[in-house]
Structures are given as structure tokens and as C-alpha cells.
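A.B. asks: This is the structure I want to talk about, given as C-alpha cells.
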């Protein structure tokens, strides 16, 4: 009954909406005895914006502790902090450790090099562009394309960086510290060659996948994957690792690192889970991924819900293979998105249970950090918006909201652990 009333836009029904929504948020899920819980699988907590820095300029002090408080007030229980480079992965490790006793959320992290950051495997002595980061692209496609030949002809620097990455993963893969939960964010991004070239992306996607197979400890970790406009190459690379293959060339001497692959044979563990996060592909792309393996799961956020075509694709994702995320501070749902129509239906009802957090411009936040109220920054996405993603997906798929939240929570915990 409440689902029907929530979709109504008739304000005369408001007196009925309040007790229904209040009951929904205070009750346990209809599908389980567990309370309402969200698990944000994509939180870029090391991003400069959460430390008050926008385009290289400091506007306010770091506010990520307040951000976590807001998330907890909106039923976010767990979050996966993403690493996009070796340095950022190290920062994620340190940040998760430093806020462990302060955070109302359980925070975990990934380790990996994003396709837009693979230039870091090129010799930094070749110039600042070689060490360009996710926040500072080279903006030079010709330069990016030149790096591949240099790296292959003189692989020693890349060998050292891959060993550094492998060592970092091994150091964190320890039974007494379970904050390291996934290898990633790794993959292919053919929309942003101004960050890195296709060939550099492909070779270091494969090398990182090889690293993930080098020993029994790492082979058990799920993969956190990125794919933009690259489905065919992405699937082809993953197919090789699912089937198993021998790398006789060993250009980067990975066989010296792990005893399990001293023969140069690489194959995913049959139970390994693969999460393609922030999915924005076509219906054809989706089917290729789902058909590749029953262990592939699809993560959706605001970027996955921009257009009517996006919504039609999300509708086709099996609920049991669906995960939710914000990819904060990016990928918010905007008024111009096709998905916003579904949020508008809920806004008045939602405000009965709890009003939306107020937001201010980034240059005004410093004055609000000591206030009792928790202020957001306009235009900056946060984990507290997980509910928005869930609402849109439940509407598009015509799945009961409580059931969707419960199912995605359980699926996420099976992959990354609770």
C-alpha cells in the first residue's frame, strides 16, 4: 500500500504518507530481519574535494568525518574507499586506518591503478606528464601514445612500479587487518585518452590482473573494475583470465614475484567475483558482461541513470547481480537527468521522515563546520545520497524498495564481506 501512496503526487494524501513512510524507515525489511542498510561500493574518500581542495585551491578544511556522519544518518553502514593509483591506494589505507575509531561506518579500501593513471608505470624522468594523476591528466594524447613503445622497449621502471604495487597488496592482505577488500580500481577507459592511451591501458590492465593471480592470498580477492566505451577489449581480456593462459614473454618479470605463477600460467580462481562499477554501457554491453561469467556483478550510480537509454539498461540488470554506489564526490543525480523524475515523486514524502541536508557553496562551508546541523557542499556527491540511487533503481525495475535494498546489501556483503 505504501508503495502506491508514495508514487502519488496528490498533496491531499500527505496526512497518510507520513505514518507510512515513518513505519517504513523504522521497520525491518519485509525480506529479512535486518534493518535498512546501504553499502556504498564506490567512495573516493581521498579525493581532494573531501579535503576542501577544488581545482588545486583550498576552500575549506577537510570535512570527511562530517560526511561520514551524514552517511550514517541515512542508513549507510559500510563503504569501500577506492584507490586509483599506487599513491592514492596508500592514502586510502592510511585514511581508513586513521578514521577507524571516529567513523560511524565500517570503511574498507581497494588497491589498484585506474586506467586513467597508468602513465605512472612510465619513467617519471620523461617529464611531469608521465606521472599525471586522476586529478591532473597530461591532456596530450600524442604524448600518451608515445609512452607504450618506450615502456615496452625499456620495461625496468614499470617492473619496479608493478613490484611496488604487488608488495603493497601483499602487505595489506593479512588476516588480522581486514580493511583491504578488493583489487581495483582497474580496467579500461576509452573515453579519456587525454589521460592515457589505449595500449598503455590494455597492457597495465592485464599486468594488474596477472598480479591478482600471483599467489593464493591475492587470488581470493574480488576485482573492482572500470569500463568506459571499451566493452569488446574489456571482455576479451577477462575471457583470457577466466579460461587461463600462459604468458611466455613475461615482459615485466612478474614470474619472479609470485611462486604460484612461476610457470607463467594465469587463471582466475573459479569463485573470484568481478564487479564492473559505475556501469554506463549499452544493453549489448550488459549482456556481454553477464554472459561472460555468473560471477560478474554490475554497480550503478547517478552516472548509470542519466538518460532514458541508461534507465532501460539498468532495468535489465538482474537484481541478484546488482550493486549500488555513489562514486562520490562524482556521479550525483542531477535535475537534468532522466532519473530525477523519480526523486521528485518522493521528495515531499521523504521530508516527513527527515529533511534533506542543507547545502552551501564550497567557499561557505568553513563557517558551517562547527554548526550542529550537517551541511553538504553544493554539486559534490556524498554517500548519504545512496537512497536516491536505490529509489530510482527500484522505480525503474519495479522492485519493492525495501526488497531491493536488502538484496543489494546481502549481495555486496557476499562479495566484499560485511
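Yeah, the Cβs are placed from backbone N, Cα and C, and that goes for glycine too.
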A.B. asks: Just to be sure I read the record right: 226, 277 are listed as binding divalent metal cation 2 in Swiss-Prot. Which of 164, 185, 320, 332 is listed for the same site?
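C.D. replies: So the divalent metal cation 2 site in Swiss-Prot includes 226, 277 plus, from the candidates 164, 185, 320, 332, 185.
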A.B. asks: Go through 185, 327, our binding-site residues, and report the one whose Cβ sees the most other Cβ atoms within 10 Å.
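C.D. replies: Its Cβ has the most other Cβ atoms within 10 Å: 185.
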A.B. asks: Reported as an integer number of Å, what is the Cα distance between residue 226 (divalent metal cation 2 binding site) and residue 327 (divalent metal cation 1 binding site)?
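C.D. replies: Pair distance, Cα basis, whole Å: 12 Å.
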A.B. asks: For residue 277 (divalent metal cation 2 binding site), write down the residues of its own chain that are at least 6 apart in sequence and whose Cβ falls under 8 Å from its Cβ; none is a fine answer.
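C.D. replies: Result: 41, 42, 184, 185, 224, 225, 226, 299, 301, 323, 325, 327.
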A.B. asks: Using the centroid of the Cβ atoms of 185, 226, 277 as reference, list every other same-chain residue with Cβ within 8 Å of it (recorded divalent metal cation 2 site), in sequence order.
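C.D. replies: Going along the sequence, the neighbours come out as 42, 82, 114, 184, 186, 187, 224, 225, 227, 275, 276, 278, 299.
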